[in-house]
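Read through the structure below, which is laid out as structure tokens, and then see the notes.
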Amino acid sequence: MSSSSPEYILRGLSIYKLLTFIPKQWKNVPVSNGREFMINSIFYSLKSFASHGQLSKAFEAFSLVQLRRSYNDSFDLIVQSISILLVSCTTCSSLPSGKQLHGRIISSGLEEDSILVPKLVTFYSSFKLLAEAHTLVENSNLFHPCPWNLLITSYVRNELHESAILAYKQMLSKGVRPDNFTFPSILKACGETQNLGFGLEVHKCINSWSNQWSLFVQNALISMYGRCGELDTARNLFDNMLDRDAVSWNSMISCYASKGMWKEAFELFDIMQSKCLEINIVTWNIIAGGCLRLGYGMQGEGRKALRLFEEMKSVDIKPDHITMVAVLSACSHSGLVKQGEVLFAEMQSVHGLSPHLEHYACMADLFGRVGLLDRAKEIITRMPYRPTSAMWATLIGACCIHRNTDIGEWAAEKLLEMKPEHSGYYVLIANMYAAAGSWSKLAKIRTLMRDYGVAKAPGCSWVEVGSEFVSFLVGDTSNPQALESKHLLDDLNDVMKHGTLVMTDDYDIGNDVF
């Protein structure tokens, strides 16, 4: 029979044309059902082409699948084919081809298909077309959490945390129940925005809906509470975990490090080492950042800290957010303005790290310390985070040092709007008003402290006794020798005020007894 026989013609395509799409190893398979074998062969060819990135050939095969498919057949083969092609379009970054498939999905009435909707969300998200992805999920009327999880994760990955929270709320309003894949992403969004209130709501949902907490959810809760400053809650969760992995330890250590609690971070690191747990690059990065900050940064040895930072990079230790806080803090304590600005700019452009609140705080402190108060104000007002009480206090302190009453009073008003409970903030503002001679405003601060029930914490000092430090409070008379100590200090004050003690080579301080 000739190749032009009607039996060998398939809607204008010869059998030889069809056979070009079939891998050689499949051509010797016995044929029990010619039509079924043919369409399955084309489908497997489509899969092979798609997996190897041969998108044009995969689409040709898809056209043949559509032509060969009978109207009595189910849509399963079409759905599977489109699903495979969407994955290939995502991998090959082919936006036009993916949109073409989306049109085919709509024309086929498959826009609410539970397999295709997640693939479309992933496809559009890969091109950062998150508005399109959001519309897809919102209109799909699917009650499975998978599409919503993909959308929320995409928002978080692109640092659109408020949009992630909005999507989560819409998910709940549509009656879609979150799962253990939803919670880590939304908790990260809460932590990044420091939205503790909503984070607590998510925690309640976890308690209500999760029969068994996954390790990922527990780690995400620790990070969220740590980012929101609730370190005691984070540590309580950590201590009560039945199982921990490296992420659990790193999350808790990172919580302490991000708040400058290096003593606690180092102690936890020591415990981690004592348990012979694997210490990965993330752990070393956090601890290296702490050593960098405490060893050089806080001692004003900023240039040495920068050299150590460069050495870290030279041995392929990639800096993370904690390391950048450490090196920016070192620049701040050493007055290295230009270097700090360069490092801050390179966070995003070189290291792919978006600045967090702590990094903006370091830059505000850097500018404030050297008297660039307008720059410090600009950093605080333009950053994508809500300023903390500590940041306003830092700016006020810098204004006191550099005698800039205008910005100082403006920052004081911002701080007072937050109604802080820390008495030190009120004392700082009061001292600024006193130095400026603003007595009426000083009286207002005293009144606010009384109305809010804020009391100034008593002063505390430390003395070294042997190998330990012992603290004592101002006005403390609990020591049985307190009266004798007071007389001794009074005598010393008199000597300092009215007399001069001349030291000679043969003078022995042991001869004088006070």
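Using N, Cα and C of the backbone, Cβ positions are placed for all residues, glycine too.
Caution: TrEMBL annotation is automatic and unverified by curators.
Marked as repeat 'PPR' by TrEMBL: 144-178 (among others). Here the repeat 'PPR' (144-178) has Cβ contacts under 8 Å with residues 114, 117-118, 121-122, 125, 128, 130, 133-134, 136-138, 185-186, 188-190, 192-193, 195, 198, 202, 205, 209, 354 of the same chain, all six or more residues outside its ends.
When pLDDT values are averaged over the repeat 'PPR' (214-244), the model yields 93. Per TrEMBL, repeat 'PPR' is recorded for 214-244 (among others).
Taken from TrEMBL, the feature repeat 'PPR' covers 245-279 (among others). Taken residue by residue, the repeat 'PPR' (245-279) breaks down under DSSP into 26 helix, 0 strand, 9 coil.
Feature annotation from TrEMBL assigns repeat 'PPR' to 280-319 (among others).
Residues 180, 183-184, 187-188, 190-192, 194-196, 199, 203, 206, 251-252, 254-256, 258-259, 261 of the same chain lie 6+ residues outside the repeat 'PPR' (214-244) yet bring a C-beta within less than 8 angstroms of a C-beta in it.
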